[in-house]
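For 9-29, 35-56, 63-83, 89-109, 116-143, 163-189, the entry in TrEMBL reads transmembrane segment.
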Amino acid sequence: MKFFRSTEFIIACVLLAAMIIIGLINPAFWSLDNIFGLLRSNVVIGIMALGVLLVMISGGIDVSFTAFAIAAMYLTVRAMVYLGYDGVFIPFVAATLIGLLLGAFNGFIIHRFKMIPLIVTLGTGSIVRGLVLGLVGTSIVNINKMPKELIEFGKTDVISLTSASGTAFGLTAMFLVYLTLALLIHLILSHTMIGRSVYAYGGSPEAAKRVGFNTRRTIFFVYCVAGA
């Protein structure tokens, strides 16, 4: 009975009710074509939201993650073009490391100087966004200048179907990446000490420190994950 009174269950019910109402108004909402399209357009947002989730559970906030993601993407693509590298795995790792380092900087400033997370992340996000715009010269990146392998990976579908009208659609492979990361975050939060420390720090930083949690490691962890 406790589960049915939880905030998560109530939110899930509200979302389900909204989906049912929209589906009754427009039955096309429940078509596989539309569902796969929604998953494709929101999978990147979902991946970034997983990192921000940890920050919010810890009682903080991070508004710099979009700027960090753009910076990591741009620097990685520029390096790939310059070196003539066409793979996918190494660029993903490189972009993750860039975001992780930027997130670690957020964690360092917040912990070392006891500053408000909103102020810190707003500042670092603005700085990084300004530097990237200074290098790129525009807020729009021409996809035709991106490495072919990255473009093809983004178009890869794990399930490919054809509608009655002959239009091809499918479930993007990035959705599997999102599911894997979501499962990993769930396991960390539910079955590790660092996950318990995130909940404890979000409840009371002082109490978490008194019971023996390494609060510095907790702060660095959540902001590194948010950046990565």
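Glycine residues also receive a Cβ, built from the backbone N, Cα and C atoms like all the rest.
TrEMBL entries are annotated by machine, without manual review.
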Inset, instruction - Report the listed stretch (9-29, 35-56, 89-109, 163-189) having the maximum count of Cβ pairs within less than 8 Å of the transmembrane segment (63-83). - result: 89-109
Legend entry - Among 9-29, 35-56, 89-109, stretch most in contact with the transmembrane segment (163-189) (C-beta, under 8 angstroms): 35-56
